[in-house]
């Protein structure tokens with residue numbers, strides 16, 4: 001009996017250890033470098049993109065089927081910066097070829113970033129976690145009960161309730177004071193008023209990402225290959241209709257690999273490469289506007305004019321508020337959801353307000369930043385978008401090194417626009433799938449977006465002037481006379497006097513627009529895919545990610561993108577089991 005008890009305790013301990021390792025995501029036995037992949041292999045599902053949608057989708061489908069997940073980047077668990085909130089800006093500022101973040105500049109001149117890491121955008125974003133509203137769910141025809149179940153499946157692993165510090169608490173009270181009501185407390189739900197949302201950062205500041213959802217995988221049912229750069233999807237034909245059959249990809253050493261679908265009518269290739277990657281890979285595979293593909297000598301598989309259309313990015317504008325009082329380090333935690341279609345949020349503090357001496361001080365001066373609003377990350381709102389050149393960024397970084405510490409103590413209050421209604425397009429730049437395509441978002445080309453931005457900026461002014469926020473704002477929102485702020489100070493200090501003029505506010509919106517990395521579109525529902533995310537006109541091919549969105553869900557999309565991966569994984573499984581006569585009721 002003693003032996004049995006000891007053996008049971010040992011096995012239980014080993015199970016807990018294994019489970020703990022999987023929760024941390026550091027010991028996925030099914031995750032390897034693509035150089036270790038076989039030259040040829042067969043699967044039931046091939047998922048291109050191990051991002052915010054791809055990871056939960058792959059984990060879910062692996063419960064019953066053989067799944068291949070191809071990720072062009074590396075593991076987030078190998079880069080301590082990704083997992084630490086204090087180094088959030090460092091990842092975005094890293095422009096090296098091995099960075100988890102790949103910088104791109106839209107044709108509008110706004111500097112942006114796309115993920116290049118397992119876990120996708122959840123590895124490089126500001127961490128806010130909130131669901132889509134009921135109207136959004138209804139419009140897409142999703143099953144509300146299944147949606148809630150899928151959200152909860154995600155939330156059990158990656159979502160946390162943040163503890164507000166004094167600055168975020170003051171922002172929350174300020175929003176309520178000026179009438180962004182009711183007070184909705186802490187909730188993941190999208191509700192008019194002011195709320196505290198979830199975060200993928202835990203109490204210790206550790207980031208939890210979509211890659212953590214791979215803990216749900218059946219290890220024997222999945223292969224995850226890193227640094228697997230997909231070149232194109234391979235098609236055959238059934239009569240005149242294209243059928244997706246396989247994927248050609250390359251490893252880090254340039255070696256070629258082929259992955260094919262197993263025989264079976266319901267096996268599929270699923271694109272989850274994001275709003276830039278999915279339309280880009282469709283075009284490189286011969287699916288897109290015929291005249292555009294012809295320009296690059298790409299053999300046409302299907303003329304699909306909607307591919308690359310409907311690109312949108314929720315414009316963000318922010319005001320830096322210098323503080324007479326110390327502020328905590330925080331990313332997005334509080335949001336005011338207004339009735340006029342603007343969302344008010346804030347982020348505060350960083351390590352840029354500390355000083356050291358000697359050589360350390362000189363080094364620190366070179367890297368001082370405003371976190372998510374740093375010129376190093378491309379968030380340079382002091383000059384209009386088209387003027388945000390590398391030289392302008394370098395001047396802003398140098399200017400920052402000369403600014404007194406007191407001027408660097410504070411936070412940003414931002415507004416971003418619902419929707420948006422302004423749209424642009426994506427097009428190929430060349431035939432290299434690792435290079436960025438060209439993309440335009442046409443920020444503020446729709447008058448409603450501009451109107452909402454102006455109203456949002458006016459709302460920020462009222463928050464700054466509220467009694468609740470007075471501890472963290474200088475009187476009349478002006479620096480003390482002793483602080484000399486240069487014209488190139490790398491933060492936007494909008495002078496509020498005369499700021500109520502709608503034309504001035506609209507010009508401010510145009511000149512200071514930035515991104516908060518919520519871009520979407522390019523493979524939209526009804527335009528490129530149907531309501532089950534099957535590519536129109538092609539068999540055995542779906543797109544499941546943010547490229548299918550016609551508008552950004554809620555105030556921040558990442559929770560819904562993760563939910564969508566789980567939701568569609570469950571739906572595909574159920575429909576397949578019914579079709580194959582498993583006896584499961586519809």
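One-based numbering along the chain as shown.
Note that Cβ sites are derived from N, Cα and C of the backbone, with glycine treated the same way.
In TrEMBL, annotation is done automatically, which means it is predicted and not curated.
The FAD binding site annotation in TrEMBL covers 117, 230, 517, 518, 546, 557, 558. Feature annotation from TrEMBL assigns disulfide bond to 453-509. Under the heading domain 'Glucose-methanol-choline oxidoreductase N-terminal', TrEMBL lists 274-288. Feature annotation from TrEMBL assigns signal peptide to 1-25.
Structural mapping of features recorded in TrEMBL.
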residue	record	Cβ within 10 Å
117	FAD binding site	28
230	FAD binding site	25
453	disulfide bond	28
509	disulfide bond	23
517	FAD binding site	22
518	FAD binding site	23
546	FAD binding site	29
557	FAD binding site	26
558	FAD binding site	28
Against which stretches of its own chain does the domain 'Glucose-methanol-choline oxidoreductase N-terminal' (274-288) lie, if we need a Cβ under 8 Å and a gap of at least six residues from its ends?
48-49, 51, 72, 104, 114-115, 120-121, 230-235, 242, 298-305, 307-308, 311, 426, 428, 431, 433, 436-437, 439, 519-523, 528, 535, 538, 543, 545-547, 549
Give me the CA-CA distance between residue 509 (disulfide bond) and residue 117 (FAD binding site), in Å, as a whole number.
32
Integer Å distance between the CA atoms belonging to residue 453 (disulfide bond) and residue 558 (FAD binding site):
22
Cα-Cα distance linking residue 517 (FAD binding site) and residue 453 (disulfide bond), given in Å to the nearest integer:
17
For FAD, whose listed binding residues are 117, 230, 517, 518, 546, 557, 558, the greatest C-alpha pairwise distance in Å:
25
